[in-house]
Amino acid sequence: MHSYRHGFHAANHADVLKHAIFIQILDYAIRKPAPITVIDTHSGAGLYDLTHEWARQNVEADSGINRLLCAQADTTNSDEIPPLITRYLQVLAGCRKQHGEQAYPGSPWLALHALREDDRLHLFETHPSEIEALRHLPKLRPELRARHIKLHALDGFSAAKAMLPPVSRRGIVMMDPSYEDKQDYRRAVQALSEGLQRFASGCYLLWYPLLQRREVNEMLRSLYRLPAANWLHAWLQIKQAPENGLGLYGSGVFVINPPWTLRSELQAALPWLQQQLAQDEHARSECVCSA
C-alpha cells in the first residue's frame, strides 16, 4: 500500500494544467449527442477541502489555483485570461458554489459534472479512504442512473482496459498516477499501448511530473513511439530544476487523439500560465503536436 494522498497537493500548478486540459476535452466530447464513456484510472478522493490539514501542510494551492484567482481578481489583467483558463475558473466557481469557497474538484468531480443522461463514468482507485470518499460522489448527481457511474476498487493500469472499447465507441481515458512507484512510468506506457490496441480512436490523457529522474525521459521516448497518429504534448516548468535532484519543478500532459481545438487553446494559454505560475526566471512551457 503506497502512502500518496492527493489531498496534500490539491490545486497546485500541476492540477491547474491537468484539469484545464481535461475540462476542454470533456467540453469538446459532449458537443456531439452520442454518449461518451469516461474512465479515470487513478481517481483519488474526487473532491478536496483546501482548509484540511493535509492541504495546509505545504499550501501547494499557492503555487497554482490561488495565483490564478489573484490574476482574475486584478481587473487590469482579467481581460487577458485565455479562454482555456477562463473556462477552468468557471468550473471551479461552480464547484465552490456547491461545496464552499475552499473546495477544489478532482478529475472524478469534473467528469461527473460533465456527464449527460446516457454517458458513463468508471472510477478506479485502490486506497480504502479514497474509495470511501468516492462512494459519496454519485449523490451529487442524483438524476443520473446509478448503473452509469461505477466505482472499481482495482488497479486502474491493469483493469481499465476491460472497459475498452466502450459500447458507444466514444471515450476518454484519464491517467494521472502518483508515480510514487517508479514502475508507474513503464506501466503508464503499457496501459496506453494496450488501450490503443483495443480502442485506437479513444482520447487518452496522461499526466506526468517534471522530476530529475531518468524514468521520465525514458517514458517520454516510449510515448513518442506509440502507434498513435495524432497526439499532443504540453508541459509547464515553473522553476529551475532543484540542484539536489529532488522535488517537482513542473509537469506535463500527453494527449492521444486530442480535440482539434486543444492545440490553439494551449498555445494561447501556456505563455499566460507560465507568466502567472513562474517562481523564477527558469520557467518554461511548450506545446508540440504530431501534425
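Placement of Cβ uses the backbone N, Cα and C atoms for every residue, glycine included.
Nobody curates TrEMBL annotations by hand; they come from automatic prediction.
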TrEMBL annotation, S-adenosyl-L-methionine site containing His19, Ser107, Glu125, Asp155, Gly156, Asp176 - matching residue among His6, His42, His52, His136: His42
Taking residues His19, His42, Ser107, Glu125, Asp155, Gly156, Asp176, which bind S-adenosyl-L-methionine in the record, the widest Cα spacing (Å, whole number): 22
Between His19 (S-adenosyl-L-methionine binding site) and Asp176 (active site, proton acceptor): CA-CA distance (Å): 11
Inter-residue C-alpha distance, His42 (S-adenosyl-L-methionine binding site) and Tyr4 (site 'Interaction with substrate rRNA') (nearest angstrom): 11
Alpha-carbon spacing, Gly156 (S-adenosyl-L-methionine binding site) to Tyr4 (site 'Interaction with substrate rRNA'), which is rounded to whole Å: 15
Cβ-Cβ distance under 8 Å to Ser107 (S-adenosyl-L-methionine binding site), same chain, at least six residues away: Lys18, His19, Phe22, Asp40, Ser43, Gly44, Gly46, Met174, Asp176
Least surrounded among the recorded positions, given as Asp155, Asp176, when other CB atoms within 10 Å are counted: Asp155
